[in-house]
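Scroll down for the structure; my scribbles are underneath it.
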Amino acid sequence: MDVSDLLDSLNEKQREAVAAPRSNLLVLAGAGSGKTRVLVHRIAWLLSVENCSPYSIMAVTFTNKAAAEMRHRIEHLIGTSQGGMWIGTFHGLAHRLLRAHHLEANLPQDFQILDSDDQLRLLKRIIKALNVDEKQWPPRQAMWYINGKKDEGLRPQHVETYNNPVEATWLRIYQAYQEACDRAGLVDFAELLLRAHELWLNKPHILNHYRERFTNVLVDEFQDTNSIQYAWIRLLAGGNSNVMIVGDDDQSIYGWRGAQVENIQRFLKDFPGAETIRLEQNYRSTSNILKAANTLIANNDGRMGKNLWTEGGEGEPISLYCAFNELDEARFVVNRIKTWQDNGGALNDCAILYRSNAQSRVLEEALLQTAMPYRIYGGQRFFERQEIKDALAYLRLISNRNDDAAFERVVNTPTRGIGDRTLDVVRQAARDRQLTLWQATRELMQDKVLAGRAASALQRFIELVESLAHETADMPLHVQTDRVIRDSGLFIMYEQEKGEKGQARIENLEELVTATRQFSYQEEDQDLMPLQAFLSHAALEAGEGQADAYQDAVQLMTLHSAKGLEFPLVFIVGMEEGMFPSQMSLDEGGRLEEERRLAYVGVTRAMQKLTLTYAETRRLYGKEVYHRPSRFIGELPEECVEEVRLRASVSRPVNHRRMGTPISENDTGYKLGQRVRHPKFGEGTIVNLEGSGEHSRPADRLPGRRHQVAGGGLRSAGNGIKRGAICRSFSPCNRSSSVRVAIADLRGGIPAHHRFGAFAAFLRRPRHAVFFGQRLIRTPLHFEHHAAGIDRQHRMPGKCRHLQHFGFFAEQGALRHDAVIVELQHDKTAAQRRQQLPGLRVAVRADIGAGFHGDRQALHRVAQFFV
């Protein structure tokens, strides 16, 4: 093919990477820089220009979807089908290798892949068999321990306990688990890579064969590789292979599951002379978004360094919205999406990103209330659903009777009267005789150890599986699957489950039959029976297909799930300290930089418009919490951010630098609990610190001042109220002369036993004519005013007469029961007209959505006021 067809559509750096000499190469590819295009064109270049054989190429991706897309794009670019290339995930390629060399890897030919749920089920049985307390040694934690050791390349015999009884117990569980897997021919995901690596180490002739074959190795998303994956590539490429790795150290966000961003720099050390090419031109986002992303990630240390840029326009500023709470935050986001839709935008183009799945509930409710369709991206996947796993377990047992995990799952599904006591007998016999559960059941039946209903039920189960295996052996795969689903009783069981949930399960089982009908053999599956090939496919795919892609719907997902995706309109919600960055990252050393990389990933998902939101208070996990704005907001350049003020009649620019930066005792000479002499209040104890570094000082909250609500106003009660303080407790007081008020946070309302009149009387004092509802947000270096504002779309004509007795008069907009007072005005004319309003006419504006409860009862959820 013409070389120009491969290079003309690329920029200068992309062409440099595609046409580079065949040697070791690191392509440092920034977000949205076209790395997939470079990989595809590089492989096409090797095939068409360098005349490399397809059999010499191995390309490693991190998802099966990406692998399929890469193969399709290569063949489309070249114009012909290219057989012989190995393109797949690490696990998929390792599985293919072990299938081809199962004898050398000490595996049965029909070995089965154990997914995480079945692995957990097996571990529960093993922990019970070892007489280990499951509460003290949770099976899920055991699974993490085992997978972690395998990812490090460690077998039980290689693990050092250092006379630590805790480590010794975990190791005992690991040993028993591995023995059980070896007996039943089961391989978990971590085992795939470890055993493939051991195969090459222990069988040099096999390693040399693949080294001689795969002289061109390409690896995508290299920053997400773990120890065993890096060792795998290094071992394969140790000969004369030419390795091209593509990665971005700024997008390494999977450290919690073993990924090591250091592998990129390790590659440069282990492959001396490797060239580095940086892809920095971005084809996704506006210049404003890229400037913010570059400035944000520059706060991380040890980066390899790159600066994203675009030839596109500057674009809109990043919007920043401060919500009262998570409900206000959700309403704001949904309203913005509704505006986008009304202006002709598609819902599919809108994404809401959050740090934790727990944040999605309120967003979902807000979307449901507006009848706006949405899809949770990365939710429960198809092959992970209960009914699908049940059907696959029957198919696995038909394929391999020694699959203990499948046996355990369906031996009493549907219920056939086989209880735990009977199964305990079978499990004990399997342990004592070193048999699988199926073999142990057959021997117990022959020895007539079991009797009565339990024996009859087990006998029927064995006959069912044997008959299904025999009668469906020669059927087409989809007919076989349908027959198993119906004859096993699964279809009837779920059909009897009433409601939409039961119907959904039936539809999923029907979709499984469709999936087997549409299943086509891959090149590496030619030596397998159709059922074995499909079961391997199902385990590896793990339902990567998402929800119905044809429905226009808002996309909800975690920031981790958003990696690799892009959307014209993006919202990142919950930008608060303790939420994002997460509290765990703040508590554990070394985790904060990965959180910042996650923020960088989120920001660079946006193509046209990005909105960040945070809430002053948030109810999460059943508790109401108060968080400062995320430090990541403060790390964005001021000129790139524009604050949204839906409630504001006052607007001032906000300097977000250092917002949310934690105050450290090491940054200043002051610390909490220290005894000091205050120039105003005298001697006392520091209970709070304001500012940061050299600006840090004790806050003006010292004992000896009390603030109370009285007929004439507020006076000191308990602790002195400093600028920015929160005042929650009020009690009657007849003396009103010594009023001393700074700021009171009334979001919790005045306690019910205090009549609203006392508060109204305070407001009638002329010198308290202030903007009511205005919020004063304190950052470490300065103070900024954020007025509570007004939503004019919700103002309704009329007067709120029941409040006039207390000095409130509805000017223009009526108050509803859930309104917020946002403005008070001084008016001497009003005092002349009304004796009950000496010197103050109260003008009311309403922000519907928060505020009053009842006519003359406590004032609730009014943001803050100050004098």
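Along the chain as shown, the residues are counted starting at 1.
Cβ coordinates come from backbone N, Cα and C, glycine included.
Some features that TrEMBL has for this protein:
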- Ala29, Gly30, Ala31, Gly32, Ser33, Gly34, Lys35, Thr36: ATP binding site (BINDING)
- 692-703: compositional bias 'Basic and acidic residues' (COMPBIAS)
- 8-286: domain 'UvrD-like helicase ATP-binding' (DOMAIN)
- 287-564: domain 'UvrD-like helicase C-terminal' (DOMAIN)
- 689-715: region 'Disordered' (REGION)
Mind giving me a neighbour count for Gly30 (ATP binding site)? Other Cβ atoms within 10 Å of its Cβ, every protein chain shown.
25
Additional residues around ATP, ordered along the sequence, whose Cβ is within 8 Å of the centroid of Ala29, Gly30, Ala31, Gly32, Ser33, Gly34, Lys35, Thr36:
Val38, Asp248, Leu279, Asn282, Tyr283
Spatial neighbours, same chain, of Ala29 (ATP binding site) - Cβ under 8 Å, 6+ residues apart:
Lys35, Val38, Val246, Gly247, Asp248, Leu279
For the domain 'UvrD-like helicase ATP-binding' (8-286), what is the mean per-residue pLDDT, to the nearest integer?
93
Across all the protein chains here, work out how many other Cβ atoms are within 10 Å of the Cβ of Gly34 (ATP binding site).
22
State which of the following binding-site residues has the fewest other Cβ atoms within 10 Å around its Cβ: Ser33, Thr36.
Thr36
By Cβ count within 10 Å, point out the most packed of the binding-site residues listed: Ala31, Lys35.
Ala31
Using a Cβ cut-off under 8 Å and a sequence separation of 6 or more, which residues in the same chain sit near Gly32 (ATP binding site)?
Asn282, Tyr283, Arg284, Ser285, Leu308, Glu566, Thr604
